[in-house]
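Working notes, structure below.
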Amino acid sequence: MNIKSALNRVVNQLDLTTDEMRDVMREIMTGQCTEAQIGAFLMGMRMKSETIDEIVGAVSVMRELASSVELKTLDGVVDIVGTGGDGANIFNVSTASAFVIAAAGCKVAKHGNRAVSGKSGSADLLEAAGVYLNLTPVQVARCIDSVGIGFMFAQSHHTAMKHTAGPRRELGLRTLFNMLGPLTNPAGVRHQIVGVFNQALCRPLAEVLLRLGSKHVLVVHSQDGLDEFSLAAPTFVAELKNGEVTEYWVQPEDLGIKSQSLYGLAVESPAVSLELIRDALGRRKTENGQKAAEMIVLNAGAALYAADHATSLKEGVALAHDALHTGLAREKLEELGAFTAVFKQENEA
């Protein structure tokens, strides 16, 4: 199916099959469509609402066209990522959590990008911390193998996305592509925490990942609107495990953490986010640093559970607490910066 035929279907509120969506996505991602066609298609899909079949088709093409990272094994390798767009401008919780996960002995294949609507994306934060971003897939794999964590810069691995940049920017609205990033990890991880901007997406995206071969995933959205586990409110979870999706709510207290307000956790820039994260990962913490540490432990613990490194969310949080408070997580942040600096010299020589 070509994009013109798809547009006729979509404007009449008719769904596409998975194969039809694959055809259209290949046209879009290989530069065969005009910007007007892409914009119209994305808007039509949003107004109709994307189905699980359509998202599966779109994700499969993006994965197919990505520059993949080949790892020795995917067993227990985890990603923690969010769609963004929650408007809260909280510090980079999932990126900070990744270093705690690695410090707990679990390998992390972190996928991320620069900020679109927020103040600090994962790439912005890591760059501020001295991490070199423009790595080859082989270099990313070496980071994961040696340091326990590697960062896959989305724009380097999904170069076909350049064809959608103009229409997405001009629309200025959330579209299908806001959902695709977290579902298209270039290492093909099967264990994930995926934060989403709308609770209604939790179960559908868990079902998408089930169809695409994921093993253990938690898709989350907090009652106070965050695309991660919140310290201040219950968090809704759609959990994919053992081939089934279950849904439930989690309070911080369920996991041994006291609920508290998010005041003091919003940031205005990557530099401010980094300062708060270094505070949280350090041995001596300010009041806001301690609060940030609790938020990090909550999310890192969930990821350790998703990686099957822990048998329950509560056990995962306990492991994350130990990894953070030993100072090992902060050491991992500095270690990744030093390790990637060697690759920078190689690549720019």
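Keep in mind that glycine also has a Cβ here, set from the backbone N, Cα and C atoms.
Pulled from Swiss-Prot:
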type    : residues                             : note
BINDING : Gly82, Asn113                        : anthranilate 1 binding site
BINDING : Gly82, 85-86, 92-95, 110-118, Ser122 : 5-phospho-alpha-D-ribose 1-diphosphate binding site
BINDING : Ser94, Glu228                        : Mg(2+) 1 binding site
BINDING : Arg168                               : anthranilate 2 binding site
BINDING : Asp227, Glu228                       : Mg(2+) 2 binding site
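Everything Swiss-Prot records as a feature, shown here on the structure.
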| residue | record | DSSP class |
| --- | --- | --- |
| Gly82 | anthranilate 1 binding site | strand |
| Asn92 | 5-phospho-alpha-D-ribose 1-diphosphate binding site | coil |
| Gly112 | 5-phospho-alpha-D-ribose 1-diphosphate binding site | strand |
| Arg168 | anthranilate 2 binding site | helix |
| Asp227 | Mg(2+) 2 binding site | coil |
**Request:** Specify the nearest of the binding-site residues Gly82, Gly112, Asn113, Glu228 to Arg168 (anthranilate 2 binding site), where nearness means the distance between Cα atoms.
**Result:** Asn113
**Asked** Given the binding-site residues Gly82, Thr95, Gly112, Asn113, which lie within 10 A of Glu228 (Mg(2+) 1 binding site) by CA-CA distance?
**Response** Gly82
**Rounded Cα separation (Å) that holds between Thr95 (5-phospho-alpha-D-ribose 1-diphosphate binding site) and Gly82 (anthranilate 1 binding site)** = 10
**Prompt:** Cα within 10 Å of Asp227 (Mg(2+) 2 binding site): which of the binding-site residues Gly82, Asn92, Gly112, Asn113 qualify?
**Reply:** Gly82
**Request:** Return the single residue from the binding-site residues list (Asn92, Ser94, Thr95, Asn113) that has the minimum number of other CB atoms within 10 Å.
**Result:** Asn113
**Request:** Report the same-chain neighbours of Gly112 (5-phospho-alpha-D-ribose 1-diphosphate binding site): residues 6+ apart in sequence with Cβ closer than 8 Å to its Cβ, ordered by sequence.
**Result:** Val81, Ser94, Thr95, Gly121, Ser122, Ala123, Phe151, Met152, Phe153, Ala154
**Request:** Write down the Cα-Cα distance for Gly82 (anthranilate 1 binding site) and Asn92 (5-phospho-alpha-D-ribose 1-diphosphate binding site), rounded and given in Å.
**Result:** 10
